[in-house]
Every structure is written in C-alpha cells, then in structure tokens.
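Colleague: Please read through the structure below; I'll follow up with questions.
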C-alpha cells in the first residue's frame, strides 16, 4: 500500500500557484485528500483483518438430526462417518443451546479405545457427551483456510474486494485533472511567468508609491470636503488631463476613516523619492508586463484547458456516482459459496461471512457523499466558467479609484488569469493594473529621470556652440528633466529621441531661450508653456519620420523667424502638411525643408511673401513643379540641393530680389539659361557646384554684380575669358574639375580674395595671378605645378596657401614677405617646409593673431 505522505505528494502544487486556485479548487483539493484517506483506511483494514470465514452446509438429513433440544438442555448426538479414501476419522460437534461450535477432530482409533477403557476418564467423557449436542464434520484447519481463500474470490462480489483501490484510482485521477493546467508545458510556462510577475508587481515599492500618490492627489482635491465632514467618499476619480473629479463618479459615504483593499488609503505617502534600484526594477517590470501581455493575450489555451479539465472532472463524477450507487448493496455480511471442490472436502456449499462488510459499506456511503459534494462543486465551476465572459477583463473600477484612467482592458488568457486571481484576492489585480498604465510608467520615468538628472549634472552638459551661445543637448532620455527649466541662461535647447517629452509652464523662466531643436521628439506643451514659446521662440528645428509627428502647436508660433523641417514629405503626405497651414507664421523669414519632395508644398506659399530664405534639400527625388517659386518675391537666398534638376528652373528668373542661388548636387549639364540672370540685378552669389557642367557660356558676363562663383566638382576643362570680366568677383571656386590652364586674364580680377583650383591638371601658374594682390586664400593643391614664382611675395594679404600634392622641389624664399601667412595657413609637404631658410621659417612660425585672417 501507499503511505499517506507518498500519495499526498501528488497534490503538492507549488505554494506560488495558490493565487490561481479559487475557493472551489481549494475545497476540491481537501475533498480529494479526504477521499485518499478513505481509500487508504479501507485498504489497510482489508490487509490487516480476516477476509471471509466459511462453514460447510451439511445435507438436510443430517441437519434434521442435529437440531438442538427445545428444553434448553444440551443434547448429545454422535454421528459416525464412513471411511474416506481408506482412512477412518471422526468429527465431534458440540453445541451449547442453539450456538454450535466445532471442536478439533479426534481420531477414530483413539475414540474407540477410550470407550472400552472402564476408567474414570471414560465416565467423564460420557458425562460430557450427555451434556452437549452438535454437528460433526470431517474438515481440518488447513481445509478451512483453503475454503476461505477460494470463497473470497468466488463468492465475494468484485466491488467488495476492490473498493479501496477504485477509490484510490479515482481520487488520483481527480487530483491530476485539477492540477493539469499547472503541469501542461504550453500553459505552465505562461502561468509561472504570470505568477512571478504578479508577485513582483504586488511587492514593488513603485506600486505602493503610485497608489499612495494617487490617494494623496485625491486627498488634496477633496481637502475641503474632508475637513469638517463626517463622511468619507468611497470612490474618488481624477481626470488625467485637468486633475478634477469626474461628474459621473459615484460617491458613497461611510463614517470615519476606514482602510480597505477596495480603495486606496488617503494619506500622505511616507516615501517621496524612489530608490534607484527600485526604480530600475520597476522599469523592468513594465517591460516584462508589456511583453507578457503581447505573448499571452493572443491565445485562449489556458482558458480552454481549464474548462476541459473541469468537464472531465464532472464526467468522472457522474460515472463514479452511477456505478457506485449500483454496487452499494452488493457489500453484504453473508454470502453463499459453491467452490466445486467436493471431491477434496466432501461438501458443495458453504456459508461465508464478510467481516469487513459493515465497515466498508459505511466507508462507501461516506465516499458517495464526498463524491456528490465534489460533483456539485464541479457543476458550480462550469456555471461560473460560462456565466460571465472570462475572456475579457475590465479595469473600470481601478480606473475610477485611481488617476490611472488609461489602464487598458485585456482579453483571452490574460483576462482569464486575472479573473482567477480575483477569486483569491482582488487587491492583486488592482496593484497589477498599475503596471499596465502608460501614465504610471511615465510617472516612474519622470521620477527616475529627475532623480538621475540633477541641476548640477545638467549644468555640466551645457556647452558653447559656434555662435557662442549656451547650448544643452539631451539625447534618448525617457523625458525632459525638471531641472532643465532651471537653467535660465540657456540659449539653445536640443531634444533628440525623447518620445515622452513634455514642456511645462516652468519654461517661462528661461527668458534667454530662443532656439529649440526637436529631433524625433513629438513634444507636448502646456498652455502656459505654449504662450511663452509663441512670444519668445525665434528658431525651431523639427526632425521627424512622418509629417504627422510635427506637433500642431508648431504652426501657431506667430513670432517664429526660422523653421527647419527635416523628414518625409512625399506626395502622399503633402496633403497632410497642407492641413496645418503655415499662414499663422507671419514673421517667418527662413524656411529650411530637407525631404523628398516632388513639388513645393502649397502651404509654403502661405508664407511666401514673408520669406527671405528658402532651402529645399531633397534626397535625390526629382523636384518637378516649381511654379510656386514665382510667388516668393522677397526671397533673397534660394537653395535647391539634390533635387535632380537638369537645367536651371525658369521660375527662378522671376525672383527679382534674389541675392544668392545654390543649386548644389543636381544633374545640370548645361547652363545656357544663365543669360536670364541679367534680370536678377541683386544676384551676388551663384553656386553650381557638384553638377555635370562641361563649359561656362560667355553670357555669364551679363551677371555684372556677381561676387562669388562656385563651380567645383563639375566637368570643366577650361575657364573662358568671360569669367574674368566679372570685376566684382571676390571668390572663385573651380576645384576638382579637369582644368589644364589658368588664363592670363585672371589678373583682371583685382577684387579677387579667394581662389580655389585644387584637384585639377594645372602645371604652370601665370605671373598675372600674383597681380591679384587682395588674395587671402589661394588653393593650388593636387595639381601638376612644378614651381612657384618669387612674385608670390606680392600677395601681402595672403593667409591661406595650399600647395600640397604638386610636383614642387622647393618653395620660394619670398614666402617670408607674405606678412599675414603663418605655418598654420600653409598646407605643404613637411620636407618642403623644412627646406626653407631658417629666417623664413621663423617668420612663418610667429603667432601673430590677425582678426581678419580667415574672413571672406
């Protein structure tokens, strides 16, 4: 037999699973333990007690002679039997009154000899025989044992014999059915994960802090109501936006303060700063809950398995009850046995008694009672499973009692597990709901962020940019630290990859803030903060993936001067950006768009009359429609970069106020339209670099006021004389072409200050080049120049000279006469510099600071 400890181990489920066991499962487990005890008790009694006791039934003739007297005196009758198998034996049956007893067998020879001995013992025997009556049989002890064993299997019904074992098997099956969903591989992993997360969420300090802060907020809102009142509202709801109670919130009053698991305690939280370790654990819990929800919520296997095992237990209960009730009457005390071994014992019928019948019947009735109770509980479980939609779980009550109004409803296995937890204690699901709320997660991030990024730490990250402004760049944080808004002297604030960025009213302290960068950062601003930004912000950079990420308040900054938009503005999204008109940006002067446009968005024309600078950087998408450019009559600077333009757009020729035109990185091959630039009287800078231009037309002479001409990274092979007729030209850049010769007409450019011809095929420098005495920058690197004339000393204003990558064998000693040239501005091979005379090197190594050395 099994010991109780061994059998009980089958029902030994991990204690952590107890939160998923409702009262009916717990009650059924106890019933199963009692049924196990019934089985073990019945089995033990069967093993330790005699099974059956049988006596032979004599023929009727013999039975009639052996009837006891009616006078109550003992009658003595001796029945002699014939020899069986050649052996003689005698049986003496002694009966006192009506209860016969069987005495041990006495051999026939002994009985005979005792009759013929005239002794006192013989007389005593005769006297004993006269005082007793009974029935003689010819069975010995071993034969009785044999008959008892045989009749146990023949006469006793099978249910009387196997009743304890059946109870044991049935109980084990019921135990296994009750706990199968804890052991099945596809469900146990989810259950273990859920129980682990649930326990950590319940015990997390963040849960207590979040609920306490909610209670504290509610307490502040109802302070006047609580003061001097004798009742306490049971449900207090706060709006996530305004923090005011909802009008539909039910109010139930109870006298006095009472702490309950059904509502948060209204008291000031004792812990105001969350420990860093606890904060990190809470962040990990939020991530675990998010992943677990995505993993579990898409299936209902746990629910189906629990329903299936409940149905199996119910069917099992019906089956046990049916056949047990049928066999309960078969357990009887008296049984008639016909072993069919009369050739061995001489008797065909035996009367047997089952000694355990009475006790087994009582145990069976007890077992049936237990099974009935078990079955009714199974039926109730099925009723509960199908009475309410267990595949959906609502946190409505939690949302009403806390400020976390965004806790989502869950479904499928996630919902079923929470319903099961509610049967244990609803407080678990309430505390668990804190980790399903984005508001709660954002609060945690905010607390952790402010704890980590203090004012002193932020001050260390403030730097000076190229414009000598104080700048702070925050990258990939969970939010904007509150201490940022205490940096009142900050000029530039950059927020990058901060998805939950919020700008509070405290930003009004930053009176010097005029430039804001939002890189993949859809910032939300409070009303007071927006008013401040609307009046003070001058420059805004917005980098986005989709145009819908641009905050709506951007289009309402009426005092904005510069707007930089970097992101996807393709043809589909042009309609979307058109919905948010730029018409309100009345003071906008500079608009920079870096995107993949096929046409200029119509809403740009809303501010066209005000713009002075328009920059469009495409990612290689061909810009086809440019007619709207004609409306930008005040544009002074226009950049159309990487727009796959093949010719200079005609719409540009209508921009009478244009001063600078940049067509960098396009596919322009010819610039014959340049003659139309003669109408642009104010054009001073023309940038046609990084194109495919082969030659420069002579019509370029019509651009009388041109001061800067950039033609680098093209396919030019020569410089026409017409270029050198531009008397106002101050900067000429023809680097990285295929130019072989510098025309002598270059000497006509008396105002030339910067000349770049790096990366060409020039081998001789004309002496007329050194007549351009105003040259400050001369870039001649990566050519085939073999010598430099001593007349370079005429360039008294030269501050930058690049000669590296040529075929020079020496440098002229007259470099020392270039008063403003220093070693830092001389780009040449080291061995050429070392070959200079020592006095020249000494002059070049002087550290004379020239404020206009690098000016244009």
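Positions of Cβ are set from backbone N, Cα and C atoms, glycine also.
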Colleague: May I ask you to indicate which of 295-317, 318-340, 341-363, 364-386 is given in TrEMBL as transmembrane segment?
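Modeller: Feature transmembrane segment in TrEMBL: residues 364-386.
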Colleague: Among 141-161, 162-182, 183-203, find the range that TrEMBL records as transmembrane segment.
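Modeller: Based on what TrEMBL states, transmembrane segment spans 162-182.
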Colleague: Transmembrane segment per TrEMBL: which of the ranges 27-47, 48-68 is that?
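Modeller: Based on what TrEMBL states, transmembrane segment spans 27-47.
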Colleague: At a C-beta cut-off of under 8 Å, are there same-chain residues at least 6 beyond the transmembrane segment (27-47) that contact it? List them, or none.
Modeller: 1-2, 4, 7-8, 11, 21, 163-165, 167-168, 170-171, 174-175, 178, 313, 356, 359-360, 363, 366-367, 370-371, 373-374, 377-378
Colleague: Same chain, outside the transmembrane segment (364-386) by at least 6, Cβ under 8 Å from its Cβ: which residues?
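Modeller: Same-chain contacts beyond the flanks: 24, 27-28, 31-32, 34-35, 38, 163, 167, 174, 306-307, 310-311, 313-314, 317-318, 320-321, 324-325, 328, 331.
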Colleague: Which residues, given as numbers and ranges, are at least 6 beyond the ends of the transmembrane segment (162-182) yet have a Cβ under 8 Å from it?
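Modeller: Residues 2, 7, 10-11, 13-14, 17, 20, 25, 28-29, 32, 35-36, 38-40, 42-43, 46, 188, 191, 302, 305-306, 309, 312-313, 316, 320, 331, 360, 363-364, 367, 374.
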